[in-house]
Amino acid sequence: MGDRRTFNVVILGVGFLFIFTAFTTCGNIEQTVVKTLENATFTGSGYHSLGIIYGVFSFANLIASTVVTVIGAKITMFLSGLLYSGYIAVFIIPTTWAFYLTSVLIGIGAALLWTAQGHFLVENSEVSTINRNTGMFWGLLQCSMLFGNLYIYFAWNGHTEISDGSRRTLFLALLVASVLGTLSFLVLRKVPHEEEMLSDEEGQSLLPTRTMLAATACPPCSPGLELSFYSGVYGTCIGATAQFGAAAKGLIGISGIVVGIGEIVGGGFFGLICKNNRFRRTSVVFLGMVVHFVAFYLIFLNIPDDAPVAFETNALTSPYLTPSVSIALLCSFLLGLGDSCFNTQLYSILGHVYAEQCSPAFAIFKFIQSIFAAVAFFYSGYLLLMWQLLLMVVLGFAGTLCFFVVERMQSLSLDLQEY
């Protein structure tokens, strides 16, 4: 039984690895690609597209749990993967109407995909394995940031403009990866019902009744803003930093790889090594806040303030320090590490507190997170870098406090149950 569940978690992670090799690579370079298109009739914006995706994502979460319940997590993830593949395909021969239409469709697909993923992961986990499975899935998922970005570095390093041929080759490869990930969901195995799964030796499943807390008490606002920043804005900022010269475009790929390494290190260490207890969970979230604050301060010193809003040219202002590639990549690692601190622990606490109603809980969580991500993508093309960083600091601190409140509420709830 344990082997079947472990197999499912591994295949789930591999499927997401392929799909998000395509999507995270696309998001990382999207604004840069759009700016260099040789198509005078294309008027789309990468920031606006990503904002639409996360805006639709947020509201589609309201129906996502119902869809997962009706057609099942496996089929939901397969259909969602097809929508992701359609979005990637648009960049091969880009048109404005298809670009924004698929942005809406992938927003719907994202809500269905992540709600189904949360349900499926909890369904294949027990109290004793939820941290291991979360870490395993998170590590495989974040490997998606390595391969596409590695290609970008070798293909784009030394180039100031992205040719149509280079773009088509890249997105054809990403489309193949997305389709392979989608097809992998078809080999997921069905697990028996709860009463068939458990024996006295196997331990308690995550499916028994537990006390429900307010889903909105979790801190999705901070990860929402940071998601938009590390996945779409920071790479664009590096590519727009004139002081990096001809290497700037290639550094977008290296930055994405280093963010992925930070995510993998954090997911592996905090998901697999850390024991499953409340003290450890709050400590990891606090560490994530500190790591991100350090990264934000270094970015403020190292990257030009107008880098996010330099649509057609490189940034014109100079930062406080002479821009350093080493500092820029260190910040990429810290962004990934801090994000994994938050996300591994958020998934862990959701899997424990909302075990009986995991689909609605993950849907509510993603609803709030994606609203903030959508807002962040829309303002990213207009706000200077320092204001974006300040917003993330304020909401990051508030989000960490919210997490501590949820942990305290859960602790009191468990204490009351013992009496």
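Easy rule for this one: first residue shown is 1, then count along the chain.
Any Cβ shown, glycine's included, is placed from N, Cα and C.
Marked as transmembrane segment by TrEMBL: 7-30, 50-71, 83-116, 136-156, 168-188, 251-272, 284-300, 320-337, 358-379, 385-406.
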Positions whose Cβ lies under 8 angstroms from the transmembrane segment (320-337), at least six residues beyond its ends:
142, 145, 226, 229-230, 234, 238, 241, 243-244, 247, 251, 254-256, 258-266, 288, 291-292, 294-295, 298-304
Could you tell me whether the transmembrane segment (251-272) and the transmembrane segment (83-116) are in contact, taking contact to mean 3+ Cβ pairs under 8 Å with a sequence separation of 6 or more?
no
Of 7-30, 50-71, 251-272, 284-300, 385-406, whichever stretch has the most CB pairs under 8 A to the transmembrane segment (136-156):
251-272
Tell me if the transmembrane segment (168-188) touches the transmembrane segment (358-379). I count contact as 3 or more CB pairs below 8 A, with pairs 6 or more residues apart.
no
Candidates 7-30, 50-71, 168-188, 284-300, 385-406; stretch with most C-beta pairs under 8 Å toward the transmembrane segment (251-272):
7-30
